[in-house]
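S.K.: Sharing the features that Swiss-Prot gives for it:
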{"type": "DISULFID", "residues": "Cys72-Cys78", "note": "disulfide bond"}
{"type": "DISULFID", "residues": "Cys101-Cys111", "note": "disulfide bond"}
{"type": "CARBOHYD", "residues": "Asn73", "note": "N-linked glycosylation site"}
{"type": "CARBOHYD", "residues": "Asn172", "note": "N-linked glycosylation site"}
{"type": "MOD_RES", "residues": "Ser81", "note": "phosphoserine"}
{"type": "SIGNAL", "residues": "1-27", "note": "signal peptide"}
Amino acid sequence: MNSVSTSAFGPVAFSLGLLLVLPAAFPAPVLPGEDSKDVAAPHSQPLTSSERIDKHIRYILDGISALRKETCNRSNMCESSKEALAENNLNLPKMAEKDGCFQSGFNEDTCLVKIITGLLEFEVYLEYLQNRFESSEEQARAVQMSTKVLIQFLQKKAKNLDAITTPEPTTNASLLTKLQAQNQWLQDMTTHLILRSFKEFLQSSLRALRQM
């Protein structure tokens, strides 16, 4: 899938991302990576909710690409043949046929629940990514904050909130401690696998959301 570049992840975009996740500010008129003229231009048609979510996901994907670039440049993890060893120790969310997000057997309600649940499950892994980058610290934070905003938008779209599973805080805390206690090689590999899996999950989510 070709990601469309939307905006550079600079300090301004990062600060905007932080503002958007404040409860008092939600829903905000402008999403990260979104120009205010896209929302309220006097002589143009404002973006629909679906279009804004689409653009927001592509913004996050751009951030993931920047983080993966740094990861690949500083290590050989992107080419490693030992990925399976580390991947077996992770429980990263993935799309399956039963989730109703694929073209065959598509089910909007079931799929939306899966997307939201998956994003909630990814949050602990996005927390792990914080402080894992030297030159892209703001990008890592922006991806994390923008994902929180995306979850809030999708929850407003969902009809069956009771079906959404939220990870237990104690479970997440235990997992985070375990991941941070790994040796350097495994931490680098975990970072690579999280970014790759999150990219794949968002791409699948984007394709599914375009059918809704």
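Each Cβ is built from the backbone N, Cα and C atoms, and glycine gets one as well.
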S.K.: To see if you understand the setup: which same-chain residues, six or more apart in sequence, place their Cβ under 8 Å from that of Cys78 (disulfide bond)?
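M.R.: Cys78 (disulfide bond) has long-range Cβ partners Arg68, Thr71, Cys72, His192.
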S.K.: Given Asn73 (N-linked glycosylation site) and Asn172 (N-linked glycosylation site), what distance in Å do their CA atoms have, once rounded to a whole number?
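M.R.: Counting only the Cα atoms, the answer is 29 Å.
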S.K.: Return the residue, from the listed glycosylation sites Asn73, Asn172, with the maximum count of other C-beta atoms within 10 angstroms of its C-beta.
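M.R.: Neighbour-count leader: Asn172.
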S.K.: Tell me whether Cys101 (disulfide bond) sits in a helix, a strand or coil according to DSSP.
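M.R.: Assignment for Cys101 (disulfide bond) reads coil.
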S.K.: Rank the disulfide-bonded residues Cys72, Cys101, Cys111 by the number of other Cβ atoms within 10 Å of each Cβ and report the first-ranked residue.
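M.R.: When each Cβ's neighbours within 10 Å are tallied, Cys101 leads.
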S.K.: Round to the nearest Å and give the CA-to-CA distance linking Asn172 (N-linked glycosylation site) with Cys111 (disulfide bond).
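M.R.: Between the alpha carbons of Asn172 (N-linked glycosylation site) and Cys111 (disulfide bond) there are 24 Å.
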